[in-house]
């Protein structure tokens, strides 16, 4: 397994790993709650793009949306942040997420607040570019005390 | 032995979503049971029989030689041994899943560089009947990097001419061409310019002075897809594309200075102007950047709705598709074409930068250095083409995902310069190995919809490469081979190391032996610039 400390730096314990996939990378994150697993998942994606230990949590950005299924919810969190990166250069270092599950429907109401900063080629390292998020074998495993997420990203 | 169903089981899976009731359940089988559906046809090709996955209306075909077949089958075996968590769908299953899509014609075909992708495998070619009202178009059959492709520029320089300035030349290319994560293009573009570029493709590059008139002649579709409609490209995609025009990207994209190392077909090589051993050429491998990626992402969402509405059933959620003649299908093709135009403009911008680099270094002009475009191929694209199937001329939508068009001599769609040689096919190797120029053949036209391989194809996962190789070793290795390298993310070069890929020579030889393309020239790198 890739050493996690090299990607995330000494800042916070990271609950994620990069699993083998022939062409792409499968992100696997986990945590005691859905929110913590989603947060780790997002950070794992940015950890592949740059060394997060050089990123300062100096500014914040918010995204919010509604999804019609949990899978779309997971997909969209990553996709929204990826677009933020590609249009504004914003790199997520820390993220708080709140997921409201709608009663009687599988949909999610999602709000994320992320801290990070704009990517700067002078100060930050270049990792691999993430092209897109995929639904391929996207998995959400929810148990009472632990949530595991698997997402394959195209790089 | 764990069953196949466990390996790719639906635990917490996409099928729980209400919008995807159109995904068929998977079949439970052991590896041995799977193998009853897979037959070796010739030393270089295999067939996947209908029944391997549900709903196959045609067989699957894949081209591998005895060495490459082991990779293919071990992937299938591994998927049967899985634990049921994580994991991915093996390429054999993906080829078969495509053979179950509505309107597919003849066979779902995979090239020797095949490996697991999402939805379609990488290396998959599939054609759908334009006259079948149920036939589909699938963004998964094109891939996220729309019109990712390879361009080759020739020069009249020889290895001896660049020997002493190779390091400076590599550095200068690296300084001229924006590479890597977060890099921004140097060509000034406003949103209005972007719309023009999306509509006009290389005609825009020509108008703005970044391309030569004769460049267009040596590019598929003359560098412009006429179906392109910038209005079908989302704002979000345009926002991603604007700062990235004229950037190389990262991952497996690169710009290489190469040397003509072996000439296999002297006549064809002469025709392409690369017939002299030792001659210097420049290869550019890049695509449509964030714009194309976002077009693909946007279309997947739109198509899921269309599938539910039109009752289209598939075997894998990532095979999202829509009927060709539906609004969603037409919107996708218009947006895909615009993204394809973006990619050609992008490669033209980098051609411009490469020409400037050489001109400055040799105190000459690109013209005097004979820096013409040999050819430019698209290896992630869907195109309307005419093919003979069962003795009938049919109009098909041919998807090539990690496969290259390889039209034979005398085909009306290839430039006049190559009428007698067949279309040049550019095969980018892996960092530090060799690349090839091939030509299209009639046999390829008859059997693979005029298609052949596109590159080496990954053999090993990125995570495994990171684990097993050290970047200093990889860089030292290149150094020993006399290859200069400039890379934006040195710590990731392991992922792109030759060890992570199939042997490109095996891949090219398989295609040559199967007769679907012919070897013309082998190229050897001397300098690599990448993200």
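For all residues, glycine too, the Cβ spot is worked out from N, Cα and C.
Just so it is clear, the model here is predicted, and its values are computed rather than measured.
Per TrEMBL, the feature active site, GMP-histidine intermediate maps to B:454. Here TrEMBL flags B:145, B:148, B:253 as Mn(2+) 1 binding site. Among the features that TrEMBL reports, Mn(2+) 2 binding site is placed at B:148, B:285, B:379. According to TrEMBL, the GMP binding site annotation covers B:252-256, B:379-380, B:428-431, B:435, B:454-457, B:530. Taken from TrEMBL, the feature region 'Disordered' covers B:1-20.
Feature map: annotations from TrEMBL on the structure.
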| residue | record | Cβ contacts under 8 Å, 6 or more apart |
| --- | --- | --- |
| B:145 | Mn(2+) 1 binding site | B:287, B:288, B:292, B:293, B:380 |
| B:148 | Mn(2+) 1 binding site | B:253, B:285, B:286, B:287, B:288, B:292, B:343, B:378, B:379, B:380 |
| B:252 | GMP binding site | B:285, B:430, B:455, B:496 |
| B:255 | GMP binding site | B:173, B:177, B:179, B:248, B:282, B:283, B:284, B:285, B:350, B:354, B:528, B:529, B:530 |
| B:457 | GMP binding site | B:112, B:113, B:114, B:115, B:122, B:123, B:402, B:501, B:502, B:507 |
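Listed binding-site residues: B:252, B:255, B:285. Those with a CB under 8 Å from a CB in chain A: none. The candidate set comprises the recorded positions B:253, B:285, B:379, B:454. Of these, B:379 has the most other Cβ atoms within 10 Å.
Cβ neighbour density within 10 Å is lowest for B:430 among the binding-site residues B:380, B:430.
Residue B:379 (Mn(2+) 2 binding site) falls outside any helix or strand according to DSSP and counts as coil.
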